[in-house]
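Down below is the structure, laid out as structure tokens.
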């Protein structure tokens, strides 16, 4: 028990990570089960004018799939700010638990909703989006409450890797379940796992480490080291929304986040088309190469966080700007370059594509860390807004492609899209070089001259 109480923050991060993966997987699983659902003839329809025979009720048209995806985005966009308000007022323990249970219930009802009506399915997906709105707020609050300032990037690296991890895990599990037990079981299995994970969350997590009997005095000193009294007392505080919304640093963080989220949404959504139509890989080759490109960079989030937190030979701001330049500025340049590589050198494009994902993995030590160190106890507000911007990117990204790419086999049209996205990335990083800081904002302190708490941790306690 002594070992656990001295490392209790590790257990909190692990359980929190499982819950984040669950909420994300609950809505991602639909993307995979589309493949299995269209072959289910237990319910049919004949409302397609060009069909000579009934088709599966679950064989959705591209237009219907668009609305199924947008329902989640709409739920997240509408839920981000109300959910964040509840996090601020009531803490993360029961707020995130309720969000998780909403996700579990909505996921359980997906099969029933799908066979009831298309509109019922959209409602269930909307509820999944509402629950997903809690993910980034939970990341921010968990980091604010439980992360020592010296481990901020490590916490962020571990927690923000949930998106890629859930995609890899869900695709692997769903394939086996769909073939052996049917597509409905895939939803039930995800819901069951989510229920278990959130029960663990309610047991393990507390909003105030200082009031937890499971946290040792050694562990508490590590968590509170160099934090102000205002930082430690974060529950039910008034958030200075006006100061956040008018802060050049916070606005620059959001700009960098939106630029990068736009790239990530573009890559996850259109990379299969780009690989198949432009790089001329077969369907099987496309799936294999994309899986490798997404899977291998996964550890880099944690590695980047460790290097950022533990490397003492550079200033905190210097490290922050370096990692942001790699994950935003360099990626913008490489994305633009991707559009000019000849089709005959398609494996060069694959290597470049993989390198882009590796660079993107280092964002936790860039704008994410700037948000956390600068806004301190209000970081969850800033980080949850990044989730909102990701949802906006789910709409603006496809809109940009639809406006420019009229022929998916045209390298020139894809090149224009890549250059626009790359230009936004480079611009955002250039502004970051001018304004990013590791210093806490004045509004994070109770008084301008308030001193921070500094606990010295002995080597044997570390």
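In case you wondered, yes, glycine gets a Cβ from its N, Cα and C as well.
What TrEMBL says about a protein is an automatic prediction, not a curated fact.
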Annotated transmembrane segment segment (source TrEMBL; candidates 67-87, 214-234): 67-87
Feature transmembrane segment in TrEMBL, mapped to one of the ranges 28-50, 120-142: 120-142
Contact between the transmembrane segment (388-406) and the transmembrane segment (244-267) (3 or more Cβ pairs under 8 Å, separation 6+): yes
Any contact, the transmembrane segment (320-341) to the transmembrane segment (185-204), with at least 3 Cβ pairs under 8 A: no
Within the predicted model, mean pLDDT of the domain 'Major facilitator superfamily (MFS) profile' (11-440): 85
Best-contacting stretch, by C-beta pairs under 8 Å, relative to the transmembrane segment (185-204) and drawn from 67-87, 94-114, 154-173, 287-308: 94-114
For the transmembrane segment (412-436), sequence-distant contacts whose Cβ falls under 8 Å of one of its Cβ atoms, 6 or more beyond its ends: 248-249, 252-253, 255-256, 258-260, 262-263, 266, 274, 278, 317, 320-321, 324-325, 328-329, 331-340, 366-367, 370, 400-401, 404-406
